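Residues or ranges marked as active site, charge relay system in Swiss-Prot (evidence: sequence analysis): S349, D469, H499.
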Amino acid sequence: MKYNQYSYIGTSVSQAEKELKELGFQISSQKTNKANLATFVSQVYFHNPDKDDVFKSIIADSQTDLATFLHSDRELTEEIFYTIALQLLEFTPYIDFDEAKTFIKHSHFPIIFQPKHFLLNFYQLLGTRTKNGMTLIDKLVSQGFLPADNHYRYFNGKSLATFDTNALIREIVYVEAPLDTDKDGQLDLIKVNIIRPQTKAKLPVVMTASPYHQGTNDKGADKKLHQMEGELTVKKAATITVTDSHFQALQVPSSNLPISPAQESFSYIDSYTLNDYFLARGFANIYVSGVGTKDSDGFMTSGDYAQIESFKAVIDWLNGRTTAYTSHKRDKRVMADWTNGLVATTGKSYLGTMSTGLATTGIKELKVIIAESAISSWYDYYRENGLVCSPGGYPGEDIDVLTELTYSRNLAAGDYLRNNAQYQKMLAEQVKQIDRTSGDYNQFWQDRNYLPHAHKIKAHVVYTHGLQDWNVKPNQVYYIFNALPEEIQKHIFLHQGQHVYMHNWQSIDFRESMNALLSEELLGLQNHFQLPTIIWQDNSQVQTWKKLNNFGSHQTRQFSLGQEKKIIDNHYPSSDFKLYSDDYHAFKHDLFLKKANEIAIDLPIQEDMLVNGQIKLNLTLKSSSNKGLLSAQVLDYGQKKRFSDLPTILEHNSIDNGQNFSREALRELPFKKAPYRIITKGVLNLQNRTDLLTIEDIFPNKWMTITFNLQASLYQLQKGDSLRIVLYTTDFEQTVRDNSNYILVVDLAKSTIEIPIA
């Protein structure tokens, strides 16, 4: 294990002593270090009244247990302190470590022994993670060290799990949104699931905007998957024009209906464990699925500002600007008198996407977004550079398929009877607007692009994204992060996994960092927490995270791709075409081994380089036809240790998110030998070779010069590594599977790869 600690907030000795005493630790700067150590260890093991037994179970060094040491006149040394400290943090001598100081060095242990300020070491220990994924103070509180009395308690600038999760209020209200997306003449009502502790304190809110949470129509969506086999469309030369999107909300009339408590309750909802963590620390949880979902009104508009407005309306209700009702009858109002109105949003993928969209409305009470694997432009999710491009792992999906999946109103049979005909009519119109024929950008996609609205963001922004996420690709976060206003606070965690959460990883204290941030922004705690702008996981070594100031570099290194002209044949024999169409994994396997129709260039790396940003291909090429599709991937090629894409379980149920509440597994990305690693990739319609809004003719056998930006990356290359640049046409996982008979010729002597380096 290596420590990468970002959540700890440095403090003075006097403040540390004050906070320790407030927690009940009976230590004092007037006592000796050994006396304080005995007291501290006794209280850490508060469940066991036999302290002599506790002391005998811990060693001070390889020859002495703690009981013997405490009764001796030996001095408390650095080695003894570290040996004891590691045991308090759940590391086992002779199994996890032999010599404490060696382990401390290799694990980047964040505590320096300070015999003159020893109380500070106890304070730091409580704020440091154990081997099993919780800080020591969180572990103690989870075991009952502090009562769950529904009052806020803080340590090191973070809220502690002192809220009773065994007696939670679970209620449902229906918020009136300024929308009529199903065109039935009534404002849409939005179902809101609320989970909150029973307390007199005014609670902030952690909200997850999830179109999935009221259920999904998986069978219906599967039936709508598109066939990917077909011919690449030859488009007419043109310039595409779009207009700025300006969503216009409807008027919501004021109401003087009777006020009532919420009347509808629920017993269970599929919660997000990061939300559970905050729930136990005095943050109400809200789950809302928005328009077009089960028990709400409206049509599933899939990514536009009408959908976002349905989530914004919930924040408006929390702050008294719109009405919530007890039911669809709209006869009694419910007031959000239990909240301070301040909101943070959480969630991954579609959920994180809605966080970004919400932030671009500039709503002032949205103080923090924690957006993980989030989309910033829906065009770039379902299209790329003038091509229909399925999300990685989901061939044949498009936004109409997502609409069918998330329009969960049809899961309620009565709603289906009353509203399915109107839904089918509106879905058919959406299908026309998405334009699968050309793959071009249009007004539909402009209305689902949050980048032009990034300047309106006022919230404190936290993004996480996997650099191996080929579902929501890295450009999504690269573009939005670099479009954020200079004056706001922003951070990004870039990990080496794919489309995954990272709050329960061993190597980084993400969960605790978010606690410090939300305690400051939503609870008003003046903790002076500072988080680096960019925190990224170094791909070249295990459990190592580093800091950067920028995602993307203007400094580049350029390399020639060769000296000859090479051919990419688009056409495959029918047996190969069928094999690859039936199993895109077989295609990827052959592609990386130079067995597909491709040009593969191996480029030796002569010095260490940190790739930071978008690798660019400058190519001179021609097509034998009046069309052409170009795909590219850049690999770190050759057998060596690399991260796997998915985290694996290190310890089951070792993380307690409260006091015996919402336990989850500790995870980490495995680091093991592999033959290659994808650094970046991209696809391009050669008719869109200049830019997205310009469609140009391709003249057969006429040379073209193109610049092709691939997906953004942060990747450490080392001297002796080898880059493999793969150029090909059809990508059987993501693009149209066109088996027509044409070739691309690339003049490698006039082609280069341009690598941005930090």
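Don't overthink the numbers, they just go from 1 along the chain as shown.
In case you wondered, yes, glycine gets a Cβ from its N, Cα and C as well.
Counted within 10 Å of its Cβ, the other Cβ atoms near H499 (active site, charge relay system) come to 21, all protein chains included.
Taking CA atoms as the reference points, S349 (active site, charge relay system) and D469 (active site, charge relay system) are 11 Å apart. Listed in sequence order, the residues of the same chain lying 6 or more apart from D469 (active site, charge relay system) and placing their CB within less than 8 Å of its CB are S373, G392, G497, Q498, H499.
Following the DSSP three-state reduction, the secondary structure of D469 (active site, charge relay system) is coil.
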